[in-house]
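Visitor: OK, TrEMBL features for this one:
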type: DOMAIN; residues: 41-384; note: domain 'Orn/DAP/Arg decarboxylase 2 C-terminal'
type: DOMAIN; residues: 46-295; note: domain 'Orn/DAP/Arg decarboxylase 2 N-terminal'
type: BINDING; residues: G252, E289, P290, G291, R292, Y386; note: pyridoxal 5'-phosphate binding site
type: BINDING; residues: R292, R328, Y332, E359, Y386; note: substrate binding site
type: ACT_SITE; residues: C358; note: active site, proton donor
Amino acid sequence: MKTLLLPALPGHPHIDYVGSTLKIEQVTASAVAAEFGTPTYVYSRASIEEAAQRYSQAAQASSVHVALRYAVKANSNLAVLQLLARLGWGFDIVSAGELKRVLAAGGEAGKVVFSGVGKSADDMRFALDVGVECFNVESPSELAALNRVAQAAGKVARVALRVNPDVDAGTHPYISTGLKTNKFGISQDQAAQLALQTAQLEQVQLVGIACHIGSQITTVEPYLDALDKVLDLVEQMEHKGAKIEHIDLGGGLGIRYTDETPPTPQEWLSPLLARISARGFGHRTVVIEPGRSIVGNAGVLLTRTLFLKSTPVKHFAVVDAGMNDLIRPALYSAEQAVVLAEQREGSALKYDIVGPVCESADWLARDRALVLEEGDLLAILSSGAYGMVMASNYNSRGRPAEVMIDGATATLIRPRETPEQLYASERLLP
Ligand SMILES: Cc1ncc(COP(=O)(O)O)c(C=O)c1O
Ligand SMILES: N[C@@H](CCCC[NH3+])C(=O)O
């Protein structure tokens, strides 16, 4: 029988049981649900800040200069971005929308890396106008387009070439990005050629090499493999006269969802920086772009059990959160631990935890042994990353509320969407 992380919740700092009661910092999950309803995403401020500080400390332990850039796509709530901006972090973005959020949250454009395989001309122009620090370019066509946009804007765009190092990060195929069959990055050969071409383009300046090999990676080896290939390329480019100021290693460090044991930021960064120094590149800036490992285990999704239902072959717990609120299980068959806000003794049944959406893929967890009653409040753990940001309005369901816990204080950082808001901008025909 599957047992998931009970009674202690390892890997989830500041989210744990006190007796049989689940608390996020000093606030009970039940109190959050009573005040703000369900489904609701709840984040621990201390957990986010400590995760960020573990990266800063790992960076400070080395003589190599490390630029910290939080990947906004993991969780883009303004309050989350504000916490990181206050800690001095910059940001990794993939759209003008994310860039606008960063600016609205008090982030500095000069500490923003613009990633993504499909940047529009409008997005490039906005990023140039506000002065982002670097564009991570992923194709010859994108480089040409950026040169044109920069010319029209009268600016010079600082550029890093994102290389696809063709390494297997050992993660889910949908979140692997560094294989040659993936759409991301430029092959090593093509990158070397493109580096030469940048010298001919007046409105772009090559300053870096970037890579990002995937997400939820739980070992260091694929990063070292990718790094060696990136450093080979840097050597090759500098031999031909380029001046590479920074090496961007991307993000991707995994978290514990059930029983994974990923390296800590220190265990991840230290061998990479050591390799960079050993190969003679220790005076370059190293950029990192973590997302999930900052916010993933700082958040839970609270959901209320509506009905328990048994068929001849299965027990179902129908809850008020669905795949529109948290799509990771439906999309990647992701396993996230599910726990009761108030644990009770009794004999457990194995439940599939399913939502109200009209799709058979609308499941949040499968075969979980729980002692459940209708009306019980559940917490889906590890929901701080790629949770709310991937939520949709399918079935005209308003997206959940978001709440930040700081000690004994719960602050609503985004109210629940109402159905009226969903269709407010739609128009009836004349
Ligand atoms: C370019 C880039 N940087 C950083 C990240 C953040 O990754 P993660 O949340 O796995 O740390 C991603 C997402 O995979 C990405 O595509
Ligand atoms: N959305 C994915 C991660 C994608 C990372 C972005 N490249 C997840 O939930 O695991």
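Each Cβ is built from the backbone N, Cα and C atoms, and glycine gets one as well.
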Visitor: Near Y332 (substrate binding site), how many other Cβ atoms are within 10 Å of its Cβ?
Guide: 15
Visitor: For substrate, with binders R292, R328, Y332, E359, Y386, what's the maximum Cα separation in whole Å?
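Guide: Taking every pair of listed residues, the largest Cα separation comes to 27 Å.
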Visitor: Around the C-beta of R292 (pyridoxal 5'-phosphate binding site), how many further C-beta atoms are within 10 angstroms, looking at every protein chain?
Guide: 26
Visitor: With DSSP assignments reduced to helix, strand and coil, which class does E359 (substrate binding site) get?
Guide: coil
Visitor: Among G252, Y332, Y386, which binding-site residues lie by ligand 1, judged by Cβ under 6 Å to any atom?
Guide: G252
Visitor: Determine the mean pLDDT over the domain 'Orn/DAP/Arg decarboxylase 2 C-terminal' (41-384), rounding to the nearest whole number.
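Guide: The average pLDDT of the model in the domain 'Orn/DAP/Arg decarboxylase 2 C-terminal' (41-384) works out to 96.
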Visitor: Give the distance between the Cα atoms of E359 (substrate binding site) and R292 (pyridoxal 5'-phosphate binding site), rounded to the nearest whole Å.
Guide: 27
Visitor: Can you see whether DSSP assigns R292 (pyridoxal 5'-phosphate binding site) to helix, strand or coil?
Guide: helix
Visitor: I need the least crowded one of these binding-site residues (G252, P290, G291), counting other C-beta atoms within 10 angstroms of each C-beta.
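Guide: G291, out of the binding-site residues G252, P290, G291, has the fewest neighbouring Cβ atoms within 10 Å.
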Visitor: So if I take the recorded positions (G252, E289, P290, R292, C358, Y386) and measure from each Cβ to the nearest atom of ligand 2, which come out below 6 Å?
Guide: Y386
Visitor: Listed recorded positions are E289, P290, G291, R292, C358, Y386; which of them have CA atoms within 10 A of the CA of R328 (substrate binding site)?
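Guide: Within 10 Å of R328 (substrate binding site): Y386.
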Visitor: What whole-number value in Å do you get for the largest C-alpha pair distance within G252, E289, P290, G291, R292, Y386, the residues recorded as binding pyridoxal 5'-phosphate?
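Guide: Greatest Cα-Cα span of the listed binding residues: 15 Å.
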Visitor: So among the binding-site residues E289, E359, who's got the most Cβ atoms within 10 Å?
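Guide: It comes out as E289.
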Visitor: What same-chain residues, at least 6 away in sequence, bring their CB to under 8 Å of the CB of Y386 (pyridoxal 5'-phosphate binding site)?
Guide: K73, A74, N75, R292, G296, R328
